[in-house]
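This report refers to the structure that appears directly beneath it.
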């Protein structure tokens, strides 16, 4: 190994630096993935914080982290190999298997986001197909080259890679079992990213127009229309409500898109050039490729560790643990007894007053029944009032006011139910993405 071009000589020391860079970054990524998975396991075991991670994309990311941890271990073993052995062959197969599995899983995160947000598909129903499909595709792609001994010791670059010394054969296997699928995932992530982005921008504009339209119609509505008991429900704008969460989820496939684009470009450059690097530029490309392969696990571990769902779950677990500790210490101390809870309660007293006003602006006197104490039991009320059999024929104004009151109560109950339904819809939507 000592080829030169333009004064550059690729030496054994350069090759060791390349392999060491690959091994060190891979081991770092595997360690970080393990730490993040350990934190996730602790959080998911505890019921106080488990619900924070109830999201399809996060569960897919957990599988991707496991794949990247195994990928980092296999890459470390491959980078430290200095001779041909069966270990090199098995390590390369595990490397390629977990590489493809991670790529497909991250593409499924982008695909699920589009299906749920744009097309209304339930992500929880599709989750098992994402996992099974990604695993089946990764196995189907990597088993043929493993069975035909295409993985192993690379005699050209003195490293664990594709074992054929024929550049044309090596390139065909590499394109068919790695590069094509990485490019397909890149294209898919690119398309889904811009479909989701366009959907969010479109609904941002439509949401603003709808708010202005509702504000205008509310300002010009007459008093007679305001007593209508029919409530029209406006569809929940999940794109507006969860735009921060959606953008954060999009970072996973976006990072995969960038990393796969760089590695595919470097692989094609290295595979189409004859043998070992013959220039400083080719050697720099080799180092960049090693860094991207080893550092991809670092990137995904960092994204998972800073995921808002995981951060909130850790905070919830911490508050719960602190609350239990404070309660225990307060109950066993010798000082004055104190009660400490992790969640304070606030009691709000609301006093309502009734103003009766006609359409012409004139006010009516308050009914004497309004001055009765709220604690008066139904047993002290007149039988006609208790049974709701008031005779309003002699007082049509009272009947009208009672109808208005019933309409207001009905609208309030409808608004409360509508708010509850929206809250349940938002929680369900967040679980789907």
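Glycine too: its Cβ is placed from the backbone N, Cα and C atoms.
Pulled from TrEMBL, these are the features on record:
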- 20-44: transmembrane segment (TRANSMEM)
- 56-78: transmembrane segment (TRANSMEM)
- 90-117: transmembrane segment (TRANSMEM)
- 129-147: transmembrane segment (TRANSMEM)
- 179-201: transmembrane segment (TRANSMEM)
- 321-345: region 'Disordered' (REGION)
- 326-345: compositional bias 'Polar residues' (COMPBIAS)
- 357-397: region 'Disordered' (REGION)
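Sequence-distant contacts of the transmembrane segment (56-78), counting only residues of its own chain at least 6 positions beyond either end whose CB sits under 8 Å from a CB of the stretch, comprise 22-23, 26-31, 33-34, 36-37, 40, 87-88, 91-92, 94-95, 98-99, 101-102, 105-106, 108-109, 112-113, 116, 123-124, 126-127, 130-131, 134, 159-161, 249, 252, 293-294, 296-297, 300-301, 303-304, 307, 309-310, 431-433. Within its own chain, the transmembrane segment (129-147) is flanked in space by residues 60, 63, 89, 92-93, 96-98, 100-101, 104-105, 108, 111-112, 162, 173, 177, 181, which lie at least six positions past its ends and keep a Cβ under 8 Å from the stretch. For the transmembrane segment (90-117), same-chain residues at least 6 beyond its ends with a Cβ under 8 Å from one of its own Cβ atoms are 56-57, 60-61, 63-64, 67-68, 70-71, 73-75, 77-78, 81, 123, 126-127, 130-131, 133-135, 137-139, 141-142, 145-146, 151-152, 160-161, 177-178, 181-182, 185, 188-189, 192-193, 195-196, 199-200, 238-239, 246, 249-250, 252-253, 255-256, 260, 296, 300, 429, 432-433.
Packing against the transmembrane segment (179-201) from elsewhere in the chain are residues 100, 103-104, 106-107, 110-111, 113-114, 117-118, 137, 141, 239, 243, 246, 250, 253-254, 256-257, 260-261, 263-264, 267-268: each is 6 or more residues past its ends and has a CB under 8 Å from a CB in it.
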